[in-house]
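K.L.:
Okay, here's the structure, questions in a sec.
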């Protein structure tokens, strides 16, 4: 008699963004005349850059002839891509990696979701709060999060990031086994300075903590002193896994490619404390068993980003989104909103007016002006009283959204 | 202190095909003059068909313009593909499915590997033996397989399929929670008749067993009375998940697209026996949390297979491989080998001569004539004494391999 994994039954019925999509669809059905503008889900709107498009056409043509056809690739990705990654994303920052430390994947969501498989189900976890829901939900599914009590999971250490502490999470005063950090941060759009990140590496080394470092938004960093990779910090290779994604860097949300770095020197311990096991090898075993590599065409697309033209084109698109971010930030600030983030990240974190709760503000704004945001509480308890806006829209939609919200605020508040 | 998942330490150091690749590479280095022919790993060699190539170019062009760009798709796949699947793969066989019962993925390996997450870690499992290693290894990783004793896992029921029983697995005489069936079978290339498959559905319904039915090779079925889908059997929707793949159907091993069917009426039970939980919803939750859909381009490629030209072209390629299978079967039989499979499947299962063990025969053939097969024991204990050959090579390579093996056999046996 097949028994169900009952940990799944502890989860809310659906994933945050599925919830939002349902509410937006309900609104659209009842308000067919209103053009909805989404500044909610973090999906890009600009097309792939020409160099990437050319590379994909070329890869498709290769697949059309037996002589150049590519079947199964290496589960961990092609060397042409792994080498381009190391040469362009790490070497210039003084970080030396071996190709076998880079695992190409079909996007950061898969790997941030699955990485927990290689460590014990009962390790304690720490998360900055608010946080990307996948980190929590994937741990609930295997029982690692514990049980839900008053909106908090019993085996999860929440590290609040709010306006009050300048969105800098406090280092725990006790040992936590695994810590998720995402910088530039989703959802708050804030960053950690090198000095702050150093404290985390020091804590992790002292406590044998595994840091799961999500750097999916590093391409949006504008300030020179903000670290792009946790491996810029000495010692991080012994305590951190880093996740990267092309989704936001180069508009690959529909193309599906990213990568995960697991240094050879990174280990976790057996229960008896006697053996240190390299996690690189376990992840290699996991991937070669449960994954067959991402599309050859997607990997060729990713490699094209590292050509001189590719780099320039990708930079232009990021500049476009960051101009959106500036537009949103300035407009909302002028309207009287308290706005965080948006300087080194494509996300803005906005305090709801008069402290109303974030789902209520989401609904008010949707029904008043047809603009979709993401309720902050969807990212965790400390997200209550905030909403997230993304800079990934088209310029004219950002402008129109600001015009609508401006009129609404003037007329009602 | 992060603790490692010690179940991983029970696994052999590497995945079967990684092992083989290493041995083949060692041979190539020491025998640079010998052109190695691989009839080992089940990768295709024929290019994508023209209709698929056209569809991919069109999809790439869509990604080049903001008006037609596709970002995040639905995690479970686009409706254009789900609907084409239902209309073409199931409706003509009298099977009625709803699009929400079809989960498009990046290939069957991911889903057959991950599906175990939605059921309890300690369900007992049953596998036909020999078997595709992913079924076992993915269960070892979460502890479900138990411990290894004399080459067998303690919580796994092995159902031998050998020449002695005509490769028809015997229905267990006791309750097993989950059973993996793969038909047409990898590695033996044998099939189950409708009458045999009916017995399994009957057993599953009587014992509340979950059948994990891998039909990745259904496109190779030639005989009219062999079921293509387990849902051709009445009652199967209440007890079976079916996995399909375009990898072998249409040469998508480098493109990455497949799908999994989980009917709405399929349930598993809570430990207290009081609640029946629909598995479709749990898998939807799993996928929306840990997966972001497969590439838009790959999904458009898959949809093109269902056009009239696409169907014709795919059928031609399958016919090509099945002619290879016939060539291999006839040649090997003439040489005196005992050969199974290869009539409704792209795999041939060949008894090693004089009962020598399968790794030894693998090495002998590699070093004598530079032809790679897969040692049967790599698929499980009942695979000892056999090797697997695949029909996915180029015609001239199949011919050359048969010429070399023929000479070798004549000269040595």
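From the backbone N, Cα and C atoms, a Cβ is placed for every residue, glycine too.
It should be emphasised that the depicted structure is a prediction, and the values quoted were computed from it without experimental measurement.
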K.L.:
Going by TrEMBL, B:15, B:42, B:109, B:132, B:186, B:292 bind substrate; tell me which of B:234, B:343, B:360, B:388 is listed for that site too.
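P.N.:
So, going by the record in TrEMBL, that would be B:388.
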K.L.:
Name the one residue among B:72, B:78, B:321 that TrEMBL lists for the same pyridoxal 5'-phosphate site as B:108, B:109, B:132, B:186, B:217, B:245, B:246, B:247, B:256, B:292.
P.N.:
B:72
K.L.:
Can you name the binding-site residues among B:42, B:72, B:186 whose CA is within 10 A of the CA of residue B:248 (N6-(pyridoxal phosphate)lysine)?
P.N.:
B:42
K.L.:
For the recorded positions B:15, B:109, B:245, B:248, B:292, B:388, return the ones with C-beta distance to chain A below 8 angstroms, or 'none'.
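P.N.:
In terms of proximity to chain A, the recorded positions that count are B:15, B:109, B:292, given in sequence order.
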K.L.:
What is the maximum Cα to Cα distance, in Å and rounded to a whole number, among the residues B:72, B:108, B:109, B:132, B:186, B:217, B:245, B:246, B:247, B:256, B:292 annotated as binding pyridoxal 5'-phosphate?
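P.N.:
Roughly 34 Å, rounded to the nearest whole number.
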K.L.:
Using a 10 Å cut-off, grab the number of neighbouring Cβ atoms around the Cβ of residue B:245 (pyridoxal 5'-phosphate binding site), all chains included.
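P.N.:
For residue B:245 (pyridoxal 5'-phosphate binding site), the 10 Å Cβ neighbour count is 27.
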K.L.:
The record names B:15, B:42, B:109, B:132, B:186, B:292, B:388 as the residues that bind substrate; what is their largest Cα to Cα distance in Å?
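P.N.:
Answer in Å: the longest Cα-Cα distance is 35.
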K.L.:
What are the non-local neighbours of residue B:292 (substrate binding site), defined as same-chain residues 6+ apart in sequence with CB under 8 A from its CB?
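P.N.:
For residue B:292 (substrate binding site), the qualifying residues are B:72, B:75.
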K.L.:
Restricting to the same chain and to sequence separations of six or more, state which residues have a Cβ under 8 Å from that of residue B:247 (pyridoxal 5'-phosphate binding site).
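P.N.:
Looking at Cβ-Cβ distances below 8 Å from residue B:247 (pyridoxal 5'-phosphate binding site), excluding near sequence neighbours, one finds B:44, B:107, B:108, B:216, B:253, B:258.
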K.L.:
Just to be sure I understand the packing, how many Cβ atoms besides its own are within 10 Å of the Cβ of residue B:109 (substrate binding site)?
P.N.:
26
K.L.:
Just to verify: the residue among B:15, B:72, B:132 with the fewest other Cβ atoms within 10 Å, which of the binding-site residues is it?
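P.N.:
It is B:72 that, of the binding-site residues B:15, B:72, B:132, has the fewest other Cβ atoms within 10 Å.
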